[in-house]
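Undergrad: Relevant sequence annotations retrieved from TrEMBL are reproduced here:
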| type | residues | note |
| --- | --- | --- |
| TRANSMEM | B:54-86 | transmembrane segment |
| TRANSMEM | B:115-141 | transmembrane segment |
| TRANSMEM | B:147-169 | transmembrane segment |
| TRANSMEM | B:176-197 | transmembrane segment |
| TRANSMEM | B:217-239 | transmembrane segment |
| TRANSMEM | B:259-277 | transmembrane segment |
| TRANSMEM | B:302-330 | transmembrane segment |
| TRANSMEM | B:351-370 | transmembrane segment |
| TRANSMEM | B:376-396 | transmembrane segment |
| TRANSMEM | B:408-431 | transmembrane segment |
| TRANSMEM | B:437-455 | transmembrane segment |
Protein chains: 2
Amino acid sequence: MTPRRPLNRPVHVSWRVRPQLRHGEGERQHLTSLQGLAALSLDALSSVAYGPEAIALILVAAGGAAIGYTLPITLAIVVLLTVLVISYRQVIAVYPNGGGSYAVAKSDLGERVSLLAAAALIVDYVLTVAVSLAAGAASLASAFPVLAPHLLAICLVGLALLTAVNLYGIAESARVLMLPTALFVVSVLGVVVLGLARSHPAAVVGAPMHVPVTDTLGVLLILKAFSSGCSALTGVEAIANGVPMFREPRVARAQRTELLLGALLGTMLVGLALLIHRDRVQPRHDVTVLAQLTAGAYGTGWVYYATNLVVTLALALAANTSFGGLPVLLSLLARDNRLPHLFALRTERPVHRYGVVAVAAAAAVILIAVDARTHRLIPMFAIGVFIGFTISQVGLVRHWATLRPPRWLGRALLNGTGALLTAGATLVLLTTKFLEGAWVVAIVIPLLILLFARIERYYTAVEKQLGVGRTPPRPTRPAAVAEAGKVIIIPVSDVTTRTERAVSAGLALGGEVVVVAVCFTEEEVHDLRTRWNLWDPGVRLEILDSPQHTVVRPVLDYIRQVADTGKWVAVLIPTVEPRHFRHRVLHNQRDLFLMVVLREHTDVLVCLLPFRINT
Amino acid sequence: MTPRRPLNRPVHVSWRVRPQLRHGEGERQHLTSLQGLAALSLDALSSVAYGPEAIALILVAAGGAAIGYTLPITLAIVVLLTVLVISYRQVIAVYPNGGGSYAVAKSDLGERVSLLAAAALIVDYVLTVAVSLAAGAASLASAFPVLAPHLLAICLVGLALLTAVNLYGIAESARVLMLPTALFVVSVLGVVVLGLARSHPAAVVGAPMHVPVTDTLGVLLILKAFSSGCSALTGVEAIANGVPMFREPRVARAQRTELLLGALLGTMLVGLALLIHRDRVQPRHDVTVLAQLTAGAYGTGWVYYATNLVVTLALALAANTSFGGLPVLLSLLARDNRLPHLFALRTERPVHRYGVVAVAAAAAVILIAVDARTHRLIPMFAIGVFIGFTISQVGLVRHWATLRPPRWLGRALLNGTGALLTAGATLVLLTTKFLEGAWVVAIVIPLLILLFARIERYYTAVEKQLGVGRTPPRPTRPAAVAEAGKVIIIPVSDVTTRTERAVSAGLALGGEVVVVAVCFTEEEVHDLRTRWNLWDPGVRLEILDSPQHTVVRPVLDYIRQVADTGKWVAVLIPTVEPRHFRHRVLHNQRDLFLMVVLREHTDVLVCLLPFRINT
């Protein structure tokens, strides 16, 4: 039983959408532009919590003065953002069914690229969960310094909560996300406006960190800072993936939301960079850069605490979005024969249990490996996202070049430029950060692709052997079986009510019924034969000798011997079903062992007859 | 399938015997008295490696001078030994089938006492393994001080080796044990004779240990030292348990061997005590008392190393004997319905795999808990053995009082005295060592008894429900089934060769064949119906709706519904059998899950049809 979509049926399901919208209930509550912003942009917007800090952390290695380069680097990133937003508005128009880079690659760039897209997406999702949790923990610890030594513990508790929520399958709604998103945007914009309005910071938090000057300010360092800052662009693709969630006119609304996201994200990034630039903000002990800017704008009163909590909440919700998204992607891959079909299984609540557990395990491993330090995750991060950006845009270029609609050349040029920029950024990310962690991604993505390919090859072979898609031959007629001879073999150990039930079932199946028992001594043989004759059930009893004192081997040999004569054989195994699970250990599982052995070594039909114990 | 001995058939198998003798091959090679000594006494004899040391370790807490009390305490222990030897010579005569305290209690003292005996024996066996290994490691480290910090590691490696040997099922033979036993006895007697011949020790090894004087020499301390020394008496019962292994005249030979064991053990104990007494030998760092005496007698040349190795070997072989013995006891308990029947299973080599693993796990836990320190095991040790001594002798008293043979009163008096002495010793052991570790035994033994009782109650209920021992009713005739209606339900997911095989098998079973499939969408229903009609196998297809997107639930509901109409139902589940185990994860195990659910919730016959994948 492997019920799944056949290979040739295209799948166009978007997987960055909320659970309750995925399962057909969404028609009632499609999103407006603003709701869409709440539902789909938290991942992108919340990255201002770690993006600017990632830039500052790199630059500070060349001395405090180098912090001034934060602003031009941020401007370069905002240029990239602009290109991405324009490009993704086209993606929205061309792929109104959503689906992200995996779907785009599958439909326009072929199987191979789609494997790359899938691997990149998996890496991206898992890292988004880890980075968001780590940054959220850092934000929480900025407000409550007592938590600073326990970042990993906070992350793991958060991860456990997310896992529980996602296993339980609570449907997030856009409405619920509206408030945290609005609070987040207002808080961060407030930091920017109030901060810029003051001539100097309202308060300074955290102990100064002595960072040894280990680097000189050169092209490499700037490229490194740029690639770290690119982590702020992750999540920009989410709206394009979720177009089907919007209210009609879908495309226009989604495009408007994308624009809104770009404008908000750009403004926040530039604003925060201006503040960093002016106040020469440097990373300090146990306090994030965003928290420093918050203190600088609001002082250290209750607003400071509230803002940090809002940031933590936004990051946690961003982690949850990815947590919800990856299992859906895994299930799509499973339906496409590229991951075990297990991942496509859903429990009664629409939850992909195996996917959720897989994401949780992967994120936990990563968080433990980097001790929940955001800055150690940044070098791995964004590569996956930028591969996705590039694939989507290349797909679009191919699309324009194939269909050649009006103004296709201009559009292709635009997307081509975007693709070149993001491909370039991918290369910069990979090369400048290779030793710091990007190598992990460089190993994991090819391994994932290899895994997908091997799994697909296996499933294809299985489908061929099963004859999927072909009409099978006619079933064998019972008359043919009757002619060859039909034997029901029942292994038993003694003469009890259970034996009677098994013999009755065997007689019901028809054909010749043979009861077999294994005896170790002459005395046992005699005993059993006597009791059998006393009972006289009217079927044949075969007593097997077992020189090796095993039960399974002689039974298996006997069954094989009968099957080898060309007869049609069914083996009927009486089993015991205790009421309580703990009582299972009290029944030797020889019945199940025999079943496993028969399945492995013979082609006979194995029938299990349960005998229920009530105690 | 739970083939086992019915409750009412008495079991008289001895379990301290060697594997190859247990399984009927022993008739050829029964033992002479000397061979019997080699085969059965190593456990007892090797306890001189830790018994005297245990006494000294207690006494030294009252200052160096208190060591002088070693001799009188040892003499008291030797008196106890004499009573035990005389008593066990009677046990040998009365129970020539061997069997130890469990069998004695079962035949003469009733079920309850036999449970106590069994629990005590289990504790004894496991502790013998742990103590022998720990003492063996200490002996090895005495010769090679570099090993001293790694006692636990040595024990665990030793335990792993024993486990492997016992899982593999190498048959120990008395012949193989002759040489190590002889070497051990000669070495230790040599230590005594040469040591006493010298006016002062030939060499002193080990660094002095500063033991703070924490205790005063009083009755309590002497009782404590006595109870520690009683550990030297463990193993005295082994010969009586193994009487069937002796050559005719069995009883006479076994009695002679018991006498020989008593003489040797008594001589060694007294001799070593004399040396300890004369040289005021105290425990020293990383060197056992026996090793100190060895150095005192032989000097520190090669003989010293050789003797320590011989002692280590003897202790390892003693551990192995218990390792081999406990699984046999567990299997006897399993046959008596007091432990899971699992423990009565044997692999093709006559090995009780589960028992061996259980012993290894228990010994490992104990060794780790006490960090492989012999002196921390001593307080737990001997209690189990002394309970066994007491039970055996009380059984004998009951035996004499019931049968009243000639001179029965004298014999009963002798055994009664023995029983009183060992019962007193048990109380002393338990009370003086309670806080140091005896409490563990005081908790474990009642828990084991409770476990045996609950397991027995369950099995008895099962036997009643199965109607064990009664002749079952006549099997239902097929005509009755045919009249009620016979339905074969085949759950499938699509139309493939596997479906064809399943339908063919269903038709072969006879009756009405119904194929059921679960579809989630109208499109899927249409698709499946079309392909089915194209195939036209001549059986009915039922398409089930699944609002919850699960496959198992609607199939289960359908099957229950059919079964509720009173029809005779078999469910035929087509399964996939991949060639490689790793490919199993690629097949969702819904077939097996359905099987489990059906076994749990219905009484239908569940048939599995394997479809083999060759890739």
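Keep in mind that glycine also has a Cβ here, set from the backbone N, Cα and C atoms.
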Undergrad: Between the transmembrane segment (B:115-141) and the transmembrane segment (B:437-455), do 3 or more CB pairs sit under 8 angstroms, pairs being 6 or more residues apart?
TA: yes
Undergrad: Per the definition of 3+ C-beta pairs under 8 A with sequence separation of 6 or more, do the transmembrane segment (B:217-239) and the transmembrane segment (B:259-277) touch?
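TA: Output yes: the transmembrane segment (B:217-239) sits against the transmembrane segment (B:259-277).
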Undergrad: Can you tell me which of B:54-86, B:115-141, B:302-330, B:376-396 gets the most C-beta pairs within less than 8 Å of the transmembrane segment (B:259-277)?
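TA: Of the candidates B:54-86, B:115-141, B:302-330, B:376-396, B:54-86 scores highest.
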Undergrad: Quickly jot the same-chain residues contacting the transmembrane segment (B:302-330) by Cβ under 8 Å, restricted to those at least six beyond its ends, or write none.
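TA: Answer is 13, 15-19, 22, 42-43, 45-47, 49, 102, 118, 121-122, 125-126, 128-129, 132-133, 135-137, 139-140, 142-143, 158, 162-163, 165-166, 172, 177, 180-181, 183-184, 187-188, 190-191, 203, 205, 235, 238, 290-291, 294-295, 339, 343, 351-352, 354-356, 358-360.
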Undergrad: Restricting to the same chain and to residues at least six past its boundaries, which positions have a Cβ under 8 Å from a Cβ of the transmembrane segment (B:408-431)?
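TA: Sequence-distant neighbours of the transmembrane segment (B:408-431): 80, 83-84, 86-87, 90, 223, 226-227, 230, 382-383, 386-387, 389-390, 393-394, 396-397, 400-401, 438, 441-442.
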